[in-house]
């Protein structure tokens, strides 16, 4: 026992000397430092890789979310529903509630419109109380009725102008049409000349002129001789009348 215990005690200083030696301390310290630094480096590297992976995943997710065509399926229907709801709300706000008038209300409104197209506030309020409507509804009805009245007036004026233009154009065309004269009856001589040749017509005309010229000369000579005889007889009669002393 003592020998074994002494051997153990002897080995302990030897081990202690080995551990306490400078070379062994440096080796152990180097191993320790190496292992810690290595672990730290691995941990830091793992943390950096994980961080980079998280950043890449986050950027990819953000790009996918920000892209208009690659939105998430859970968000797209919700956004579409929100947009539709907002548009429906806007349409509901813009849409006005139409008022339906009964026959008695329309008769009363038309009766007042025949009197005046622009009733004042007192008339509108009184009429609204009578027909069980608000003054704003009565005012809107008169605005719409005036617009309808103006449209009807413009349509009537356009139809009247169109009819006047049509009648005027018809009168102008009737005046501008020339009156065709009736064909005058043609004499037989003209027809005979038209049928005969020009040479024969000229020969006939010259022959008639030649035949008529001696007769005309004789007649003129006879008339001159008659005038001379009458003058002589008149002078003789004056000479034979006795003069009174």
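Every residue, even glycine, has its Cβ placed from backbone N, Cα and C.
Residue annotated by Swiss-Prot as N6-acetyllysine (from the set 160, 232): 160. When Cβ atoms from all protein chains are considered, those within 10 Å of residue 160 (N6-acetyllysine) total 10, not counting its own. Under DSSP, the residues of the motif 'OAR' (222-235) split into helix, strand and coil as follows: 14 helix, 0 strand, 0 coil.
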